[in-house]
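Step one of this worksheet: look at the structure below.
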Amino acid sequence: MKNIFYTLSLSLLLLGVSCGEPKKNSTEAVLESNDVEKIQQKRDELTNQLVALEGEIKQLDSKLKEINPERNIPLVTSYEVKSEEFNHFLELQGSVETKKNVVLNAEMAGVLERVYATEGQRVSKGQTLAKIDDGGLSQQLAQMQIQLDLAKTTYERQKRLWDQQIGSEIQFLQAKSSYEGQVNAVNQMKSQLSKSVITAPFSGVVDDIITEEGNVVSPGQTPILRLVNLDDMYIKTDVPENYISDVTEGKSVEVTFPVLGETVETKVRQTGSYINPNNRTFNAEVEVPNKNKNIKPNLSARLKINDYTNENAILVPQNIISENAEGEQYLFVIQDVKDEKGTARQVIIETGKTQGDKIEVLKGLNDGDLVIQEGARSVKEGQTVKLINY
């Protein structure tokens, strides 16, 4: 508004000069003269006239304020603060894992003779999934079993004689040693032969047949198939160390799977006891209910862990808080409200956690306080304000 007065005054001044002055003293004539001294003199003259006009404008403003005191009262909006439950969430990223996700490798060399399972098939713990050609070990075992039976018969006969104190002790001990040695040999062969049969270590789904029948396999080097159990799923995430006291077993977690468009409520089931020195985090495992079997290992997830709850919190918008020269945070409240007017009072506050655009006020405000929202940046301590939403 003041700039408009300046422009208008200057225009009127120039107009008056151009209309009322002789041609030789007009601004146009002075400019045409190209005389530096005359131009400077004319500029000083106009400046003095402008200063005089500014003084008159200030007098007019003061009179208007005296006649109409509400003209300069700031307009503000306000709201009454009330305590409410405040839940703060730590937002993290994680991926789905399962401890029952294994690749079954060959344990002996040979040709993969049979694969009994198919991809996608559900199998039970202990079920035979594949067989490797044993290279004649089963025939050797049959022969060793015959020798074991003979050694057992000889031992039992010698034992009966020895119990009757017939025969020598050396004959009894030799028969016993031969029998026990044959038992060990048969057990070792059975153990070796069992490696030719690949069984399911747990119940689950055959996810992938990696090696086809007829291929030569090597122990510990050739993967045969992948077996996955989708019942015991969890999400693994890294939690910053400063939340070690807040993120504990049993804490509520909201899990969102962006790819599936699903959100589930679950809990923290385990937290790590070790801080990673490289990124200063610790591990946490979150339960994943998977009734529909649509959650797969390595699926990305967003986590919101409830790390803090205040059942009687006072929350205010962050954008109404300012900071003074001493670094203290403050906002304005309205007191002595009457006829939609009140007095703005500056209140020093202490804040806590934030969530979205709201921040928790720990000290400085009480239930029922009337806080200035819109217009908070334009008011001063003790100033009268007018409420437009009271």
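Each residue's number is its place along the chain shown, starting with 1.
Note that Cβ sites are derived from N, Cα and C of the backbone, with glycine treated the same way.
Since this is a predicted model, take the numbers as computed values, not measurements.
Annotated coiled coil per TrEMBL: 29-63, in sequence order.
Among the features that TrEMBL reports, domain 'CzcB-like barrel-sandwich hybrid' is placed at 103-218.
According to TrEMBL, the feature domain 'CzcB-like alpha-helical hairpin' maps to 138-194. Averaged over the domain 'CzcB-like alpha-helical hairpin' (138-194), the predicted model reaches a pLDDT of 85.
Taken through DSSP, the domain 'CusB-like beta-barrel' (235-307) splits into 3 helix, 39 strand, 31 coil. What TrEMBL lists as domain 'CusB-like beta-barrel' is 235-307.
Among the features that TrEMBL reports, domain 'YknX-like C-terminal permuted SH3-like' is placed at 316-386. DSSP states for the domain 'YknX-like C-terminal permuted SH3-like' (316-386), grouped as helix (H, G, I), strand (E, B) and coil, give 6 helix, 41 strand, 24 coil.
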